[in-house]
Amino acid sequence: MGGVGSVGPPSKRRKVSSTEIPEKSSVSMADDAIGSKGVKKVEFVRLIADALHSLGYRKTGEYLEKESGITLFPSVINEFSQQILDGNWDESLNSLRKISILDESVVKSSSFVILEQKFLQLLDSQNPDDALRTLRTEITPLSINHNRVRELSSLVLCSGQAMVKPKPRSVVLHDLQKLFPPNVMIPEGRLLHLVEQALDLQRDSCSFHNSLIGKTSLFIDHNCGKDQIPSKTLQILQEHEDEVWFLQFSHNGKFLASSSRDKSAIIWEVNLDGKVSLKHRLLGHKKPVSSVSWSPNDDQILTCGVEDVIKRWDVISGECLCVYQKNDLGMVSCCWTPEGDRVFSGATDKSVIMWDLDGNELESWPSQKTVRISDLQIMGDGRYIVSICKENMIDIFDRSPLGCERIIKENHNIVSFTLSEDKKFLLVSLVNQEIHLWRIHGDIRLLARYKGHKVSRFVVRACFGGLDQAFVASGSEDSRVYIWYRETGELLETLAGHSGAVNCTSWNPTNPHMLASASDDRTIHIWGLNHVD
Amino acid sequence: MDVDPRQYENITINDNDSHNIVLSYLIHGCFKDTVESLVASTGLKVPAVQLEDMEKRKRILHFALEGNALDAIALTEHVSPDLLENNKDLLFDLLSLHFVELICSRKCTEALEFAQAKLTPFGKVQKYVEKLEDFMALLAYEEPEKSPMFHLLSFEYRQHVADSLNRAILAHANMPSYSALEKLIRQATVVRQCLSEELGKDVQSAFSLKEFLKS
């Protein structure tokens, strides 16, 4: 049929010579693609060979190069790299000139990098005359980087001193790699980098993601099922004698505190096997307890009676350590400073009061700081007071002398709010059955809305939770717990089990698979994963 | 601003004043022979000491303009002791002239040694660091005339250093560092500019000495 000169695509007959970079013939190899996205076979094989070499499998790498006929690097590049690592600057410059496909500017900048090291090495070994000669005859004529030339001149005066230490040679090779086009010297660890990129992408698109990194595998795409979100009642706690209004896990996830219309609060312990047991009953309030607040290091807890007093308790002993009260005033909310040295409370006269630990009032902010049933949070080392100041407004008040106030205004009445652990976000529950996520760090901005649950008559609370606080959970008047994906607002789960309105939820900060809910049906449900891990 | 000749007529000028103005200019510039001519023609008196000092100053400035900084420094020390001690900026400028000389004669090793010995001590003071770096950068170029710092090799630069040296020596000897002629020109320029600014908008341009003298 055809001889050498006959028709036929050149690629089928042309062999890659070992001193050329494969890309020189890439025009004819271009149709050697693998997969369906145009991945070039030559590049793919070179990446694998590079990965093998960097894992230490030199022989395998070389064998792959032989068998595929695709060289990782032409030998001149290998020689060049070795010369750099050995510090043979002059020879490396010769090799550099032999690498034909580099263009002039790359050759110049690379020469500069190499000669700079030569210069520094000469200075470091107390050879200023030779260093100066290198500068004058080799570096300056490159006519680039004049500022650096100026700096190098001044360094001539510092022969042998610390500031002329040359860089480690592996760093020099790395710098040169960055100057060369990527198909000449493959960036270090490129294959691993591509794999890690893919893993990141998979994780980002997983809306149920609620487990730690150790579970990812390269063999299947990462895709959590709903099975990573707590959805099964593992335990029902029935120790309260009336509606349970509030509950919260401690910061360290070892305890849970709940408060009830039965005028008591209970501290529960989370045991190592995941079971929750009663630790202390906190009795003594004369009114229903509307909320609790854990101290920053979880050794104490505040309980707030409805328009009544605030009590401070020791968690280990269950003893009441102090009572906070002011004549003729009832408290409506309570909160610790991040240092745990002060207590803040909202009062029925719409003021906010700051107390020391012994029950002495230190300061108060009189007007319009809070409404009758309210939440209160402190952030920024005690500098900012966050409260519901009017029915549809949240006030972020800066206590410092020149501080200003920032207001979040909603179009509907606000029922409750929660501050995120990192104090940068606010979840606001509204009476129109929406929960709004606001960013309060920097510009105040509404980020997302969560819908589907029922709120009309009662105070219902929402919380953040799960791995990286990726989820939002809320109670609802239809007796269910609702869970949304924070980023998109997608409703992921509704958990049935309670027989009364669910007032409050809390996600265990140290166990993304444990969620607690408090209900008018007098019980607390502990939710966990729907299967055994 | 228009020249009003009537105003000028009313001012009398003393011959002596004119002569002194010219003399101060000549002394400032070390024009010794011209001074002697002027003295002979006008009957002005100039003390002999002043003439000798002028001769020495002339030699110092000549060395500086040639780039022979070392001789300039030595003679300055002789004529006005402590002057350079108290005027480090000037000393640096003179030493740098010598450095530049060495560079221009392509004696790089010597230049480097000189810099290490004499110039680096200045590097401890922040204000000299940038200047020092400018000079050191000259070392990097085989053809310093083609470097970004070529102006340091120029006659204008040497002139600038020589002028500073001149003023310093005069000041040291309690003589005026600016000649009367120079002062007068400056005064006239400033006054005219102020006046033309005050008069406002229909003035065409800033005061031009050249134009004024021609009119």
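Quick reminder: no glycine exception, Cβ is built from N, Cα and C everywhere.
For A:1-24, the entry in TrEMBL reads region 'Disordered'.
The domain 'CTLH' annotation in TrEMBL covers A:73-130.
Here TrEMBL flags A:237-271 (among others) as repeat 'WD'. Long-range contacts of the repeat 'WD' (A:237-271) within the same chain, counting only residues at least 6 positions beyond its ends with a Cβ under 8 Å from a Cβ of the stretch, are 277-283, 285-294, 296-298, 301, 303-305, 313, 315, 318, 459, 461, 500, 503-511, 514, 516-526.
In the predicted model, the repeat 'WD' (A:282-323) shows an average pLDDT of 92. According to TrEMBL, the repeat 'WD' annotation covers A:282-323 (among others).
Across the repeat 'WD' (A:324-358), DSSP helix (H, G, I), strand (E, B) and coil residues number 0 helix, 20 strand, 15 coil. Sequence annotations record features per position, and here TrEMBL assigns repeat 'WD' to A:324-358 (among others).
Here the repeat 'WD' (A:495-533) has Cβ contacts under 8 Å with residues 210-211, 226-238, 240-249, 251-254, 256, 258, 260, 270, 274, 276, 421, 458-467, 471, 473-483 of the same chain, all six or more residues outside its ends. Residues or ranges marked as repeat 'WD' in TrEMBL: A:495-533 (among others).
Broken down by DSSP into helix, strand and coil, the repeat 'WD' (A:495-533) contains 0 helix, 17 strand, 22 coil. Non-local neighbours of the repeat 'WD' (A:282-323) in the same chain are 242, 245-248, 250-252, 254-255, 257-267, 330-340, 343, 345, 348, 357-359, 372-373, 375; each lies 6+ residues outside the stretch with a CB under 8 Å from one of its CB atoms.
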